[in-house]
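Student: Sharing a structure here in structure tokens format.
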């Protein structure tokens, strides 16, 4: 679409309104549009966390699944939600745009939650209640009942992936970075975006969990379905006020193109002088411009990828013909190399989210056996997650007000701890949390054995579990912001969208690894002496926690080696005399 030339300050040349005309600053975008988008994010967080954090009690108490099976169902659901964000981001950047992606996937999410609600209403979609006289022989959910449940959960996960991948980016599209006033408003937008995430989280682990446990699952899930439909209606009502940006394509396409081109040219010989490789200068000479690309110097690492930039004259490739699947610029190759350099750091972040997964599964099962009463009020098991959220918020507040100033004063570094330092601390706290959880479980188990199998609620207060929730919250505040900062800073300018994908994929893989670990442990410990028993009082859950603690500790040591090896992009380029262009960050919640 060609844009008419104009000198009006109110007309934006890089954004359109819903009718395809250049966007008018006075009629589109700004806070009115952003507020409607924030509604979607708050409800998405409320729904995903509200279902996930309390799902294990539904699976064990209503569907009569074992603890290990229930834990894997929850972690697979949450892992899929995060992994599908990659698909949602690809679809939004390449095909549909962010607006349509949000609208379509929010409708899919609403469908999934509606089916989940119906499964709690229709008696035939859940097994009968246990007979008090034969409680050890509860009838498990049938294949059809589980099929409906999984359909509901994974439709919800699919919808979550599309919404989560697009909502922060579409919100930022409502502000013009080239205009100082709107640029400052964008910063406040991301603050409010994070606020909405936390509001949704707190409502999920308190009000929504209480409704599910004390009023009824049909009401708890029904509220989620209604909230999604309401938020989607508000979102669609703002259509004529939104600003729309052109499709930018997925950065994964560039990665794939470089790999394919390098493979096609694998038999060609690299020139001794890298200046003979195809680069942005050749495109500038042929086409007159190469917007958005800052030429990067050649590096000696991963030289096999350099073959993507070899001109193959026999294949008909010249400087005037640019097919990215047969010939990539050296700058494109160097950007992909930078992604490859980040992969060891990326990989060592995964295990922290395996620790986090325990809070929504086995820790909830632990809390069911403890005395959770405060006076006449009993805290729902899943509401223990409020201490995790509290640890996260407290750490964020202290870090902003104390740690940043302290680092500036002691180390002359104005941004607080460096990204890799925060990631390392987060991993340390993750291992510590699992060690604490193992010690707490030992105490809980000794008390259970002392009082015999007939005592369902042990004479131990819920406060015993607070440390493990709190420590994970502290660790997550550090590692999440550290990962986000690291990926945003280190991703090449032309591939900033990869930062979101790299972050969310560690969450997804962490949840999936938890499922794999539980399955392996269940297989090797058997039914005679299980670590994760259906009745925790007959298991050895503390051994599983020790296993996770040791794995995360070893992972932490590996991370220290990789972080010592890693050189920040800014320093590496400064050593060859290149100053980075100003690269705006893309904050994002999770």
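Yeah, the Cβs are placed from backbone N, Cα and C, and that goes for glycine too.
Not measured: the values here are computed from a predicted model.
Under the heading substrate binding site, Swiss-Prot lists 356, 360. Under the heading phosphothreonine, Swiss-Prot lists 101. Per Swiss-Prot, transmembrane segment is recorded for 46-66, 77-97, 102-122, 143-163, 193-213, 219-239, 342-362, 374-394, 423-443, 460-480, 501-521, 542-562, and the stated evidence type is sequence analysis.
For the listed features, I'd like the structural context: burial, neighbours, distances.
Tutor: The Cβ neighbour count for residue 360 (substrate binding site), using a 10 Å radius and every protein chain shown, is 24.
According to its DSSP assignment, residue 101 (phosphothreonine) is helical. The local packing around residue 101 (phosphothreonine), expressed as other Cβ atoms within 10 Å of its Cβ over all shown chains, amounts to 25.
The list of residues near the transmembrane segment (77-97) in space but at least 6 beyond its ends in sequence, with Cβ under 8 angstroms from a Cβ of it, reads 48, 51-52, 55, 104-105, 153-154, 156-158, 160-166, 169, 244-245, 247-250, 252-253, 357, 360, 497, 500-501, 504-505, 507-512, 514-515.
With a threshold of 8 Å between CB atoms, the same-chain residues lying at least 6 positions outside the transmembrane segment (102-122) that come near it are 37, 40, 44, 47, 51, 62, 88, 96, 145, 148-149, 151-163, 166-167, 170, 216-218, 221-222, 224-225, 228-229, 231-232, 235-236.
Beyond its flanks by at least six residues, the transmembrane segment (193-213) meets 38, 41-47, 49-50, 53-54, 57-58, 168, 171, 219-221, 223-224, 380-383, 385-386, 389, 393, 587-590 of its own chain at Cβ-Cβ distances under 8 Å.
Counting only same-chain residues 6+ beyond the ends of the transmembrane segment (219-239), those with a CB under 8 A from a CB of the stretch are 18, 32-33, 36-37, 39-40, 42-44, 46-47, 50-51, 54, 99, 102-103, 106-107, 109-110, 113-114, 116-117, 120, 208-209, 211-212.
Proximity of distant same-chain residues to the transmembrane segment (342-362), defined by a Cβ-Cβ separation under 8 Å and at least 6 residues beyond the stretch ends, is recorded for 52-53, 55-56, 67, 70-71, 74-75, 78, 382, 385, 388, 420, 423, 426-427, 430-431, 433-434, 437, 468-469, 472, 475-476, 479, 483, 486-487, 490-491, 502, 505-507, 509-511, 513-514, 517, 532, 541, 544-545, 548, 551-552, 555-556, 558-559, 562-563, 565-566.
Away from its own ends, the transmembrane segment (501-521) comes close to residues 68, 71-72, 75-76, 78-83, 85-86, 89, 164-165, 251-252, 342, 346, 349-358, 361, 480, 483-484, 487, 491, 531-532, 544, 547-548, 588, 590 of its chain (Cβ-Cβ under 8 Å, at least six residues beyond either end).
Sequence-distant neighbours of the transmembrane segment (542-562) (same chain, 6+ residues past either end, Cβ-Cβ under 8 Å): 344-345, 348, 351-352, 354-355, 358, 362, 423-424, 427-428, 430-432, 434-435, 437-439, 441-442, 445, 517-518, 521, 531-532.
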Student: Rounded to the nearest Å, what's the C-alpha distance separating residue 101 (phosphothreonine) and residue 356 (substrate binding site)? Just drop the number here, would you?
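Tutor: Taking the Cα atoms only, residue 101 (phosphothreonine) lies 29 Å from residue 356 (substrate binding site).
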Student: Report, as a single number, how many Cβ atoms besides its own are within 10 Å of the Cβ of residue 356 (substrate binding site).
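Tutor: The answer is 24 other Cβ atoms.
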Student: Which one of these stretches, 46-66, 143-163, 460-480, has the most C-beta pairs shorter than 8 Å to the transmembrane segment (423-443)?
Tutor: 460-480
